[in-house]
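These notes concern the structure reproduced below.
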Amino acid sequence: GSLMLSFILGHIICHELCHFLGKDPLFWNTWAQHTLKNALTLQKLNQNTAKNLILFLGDGMGIPTVTAARILKGQLSGQSGEETQLEMDKFPFVALSKTYNTNAQVADSAGTATAYLCGVKANEGTVGVSAAAVRSQCNTTQGNEVTSILRWAKEAGKSVGIVTTTRVNHATPSAAYAHCVDRDWFSDGEMPAEAVQAGCKDIARQLFENIPNIDVIMGGGRKYMFPKNQSDVEYPGDKKHFGTRKDGRNLVEEWTNRMKNKKAQYVWNKRELLSVNPNNVDYILGLFEPGDLPYNLERNTETDPSLTEMVELAIKILRKNPRGFYLLVEGGRIDHGHHEGKAKQALHEAVEMDRAIGRAGLITSIYDTMTVVTADHSHMFNFGGYTPRGNTIFGLAPMLSDVDQKPFTAILYGNGPGFKVINGLRENVSTLDYQGNNYQAQSAVPLRMETHGGEDVAVFAKGPMAHLLHGVHEQNYIPHVMAYAACIGQNRDHCMSSGGASSLSPALPSLAALLTLTRLLC
């Protein structure tokens, strides 16, 4: 009790001191010197082989979202917020990722997922296929499949897992296991009849058929696994949650039957999830909603697990493998909040993902686990307006517009559903609950759904070989680095040499050949 009290008192004193000492140059100089000493220790690079790999993907988590989430995290614990550190802020190496798709300047989540999971840039709307595949054209699938780092890890004997707050067959996770020319082919119920007849497989089916025995699968998307019109276990009377499969298959039942001789468990709510003993379960399928999981702010904490709870159990199951694991974690609804213009939902999703990153850090080690945190793309989201220090992130700018003499919120969108005109003039936000969970921030251009942003996103890395993420990179570089760190996939020569010294020379002749070919073609 006294320890807790002294911690709280220390926290309050530190908070007050920060405000008081911030006026003294000694405060800033001491802080900078402390940071410098820590930076000097990084000269000794971690060149261990990564036994484990974790990729945290904040869908739509652009740099403005990271900054705003940092401020929110601090304000949720009673601080002004700007000086707070997110868990990802503590990672020693940071890079920028260029997110464009092969046919898009501003990317979507499917083409980008193919890049950071399969190592190959692709067309928007396609998952697990190269840019030779054309969106929605079934006959361009065959021969253009590309494999993911999740598959490379599985083939190397590692355990593999997928945890997401969206549907498990949504764009981000699907590139880990599926080869599909259309990200929206969730089940055969969403596919054109001719695509099914031509032999293209829906994404839900590929989840269970392409990579045998993915060890951990957690997220939403139940309805895509069950026959059309079968009622949902949680919402039996609600037709919109009924099964969607036209082929009549029950994929959950098939999985359960196939795994009955293994230590496998299917769960569909938080109570079942938290009753799982990771020591007794090697395979878990957790489908917690018919579609996406609810926003964290709206989550029923009795029935729906948080991202942190799912991640903790996933790691405890996966880490039993002596060869290690690969885990993909998606904070997938940051993106949805932004699309709806609901910044509060999006930022709380980002803070929850950061909490999951912290929990993962506590139960893994930087000596043998490479952790990468990044985003697939950004959004048309920003905050500004000369707000004073500690201004609530969801608050107003301190002045009125000098054009229309009305107040405005710090958070604004470049486009989206928040555009409203009343009697030919911009709506007066002070008459609205602009700090409400579902308030839609004003936007410059009216759109039903706000769009992605095109700027680079951040890549945070820690653990073995994290220093290889160090500058401005193409997004498809990410899985190559992670595979190199873990000695899986195509770069394995350096793993054989003594002392773990890297040797990339075998790749050079093929690079030279590629450059010669490029010159000839251009």
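Think of each number as a place in line: the chain as shown, counted from 1.
Glycine residues also receive a Cβ, built from the backbone N, Cα and C atoms like all the rest.
Curation does not apply to TrEMBL; its annotations are automatic.
What TrEMBL annotates here:
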- Asp59, Asp335, His339, Asp376, His377, His452: Zn(2+) binding site (BINDING)
- Asp59, His170, Thr172, Glu330: Mg(2+) binding site (BINDING)
- Ser109: active site, phosphoserine intermediate (ACT_SITE)
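In sequence order, Asp59, Gly60, Ser109, Ala346, His379 make up the list of same-chain residues 6 or more apart from Asp335 (Zn(2+) binding site) whose Cβ falls under 8 Å from its Cβ. Same-chain residues at least 6 positions away in sequence with a Cβ under 8 Å from that of Asp376 (Zn(2+) binding site) are, in sequence order, Leu57, Asp59, Gly60, Thr99, Ala107, Ser109, Thr112, Ala113, Tyr116, Thr172, Val457, Gln475. Checking each of the binding-site residues His339, His377, His452 against Glu330 (Mg(2+) binding site) by C-alpha distance, the shortest gap belongs to His377.
Within 10 Å of the C-beta of His339 (Zn(2+) binding site) we count 22 further C-beta atoms, all protein chains included. Within the same chain, residues at least 6 positions away in sequence whose Cβ sits under 8 Å from that of His452 (Zn(2+) binding site) are Gly60, Val106, Ala107, Asp108, His377, Ser378, His379, Met380.
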